[in-house]
Amino acid sequence: MTAALVTALLGGERQVGLLADVADAGPACQLADADLFIGPDVDETDSERQEREASAKALCRRCPALTECLAYAVATAPRYGVWAALTADELHALKAEVA
């Protein structure tokens, strides 16, 4: 895979730079199970999802990369997961509110 293709898949040079900023800040999520932030491959009940998201958000709130992660999430508008202590739905609502 070429660097240009990877850059395109990640959303362009700006998003790659923002993602690099997150990595440079030492995100807490890099040491956690990815399922905590994006959910398991199997169905989960609403209460399981809410509990998982609350745990992910708690980890995010203590993360040294919180600001960088929020900038990346706002720029990329993820469709799922927890980013910068916000769910994808909360991020979309935040973007709509400030637009």
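Yeah, the Cβs are placed from backbone N, Cα and C, and that goes for glycine too.
In TrEMBL, annotation is done automatically, which means it is predicted and not curated.
According to TrEMBL, the protein has these features:
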- Cys29, Cys60, Cys63, Cys69: [4Fe-4S] cluster binding site (BINDING)
- 28-93: domain '4Fe-4S Wbl-type' (DOMAIN)
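Summed and averaged per residue, pLDDT over the domain '4Fe-4S Wbl-type' (28-93) gives 94. Look at the Cβ of each of the binding-site residues Cys29, Cys60, Cys63, Cys69 and count the other Cβ atoms within 10 Å; the largest number goes with Cys69. In sequence order, Pro27, Ala28, Leu59, Ala65, Leu66, Trp83, Ala84, Ala85 are the residues of the same chain, not among Cys29, Cys60, Cys63, Cys69, whose CB sits within 8 A of the CB centroid for the [4Fe-4S] cluster site. DSSP assigns Cys63 ([4Fe-4S] cluster binding site) to coil, not to a helix or a strand.
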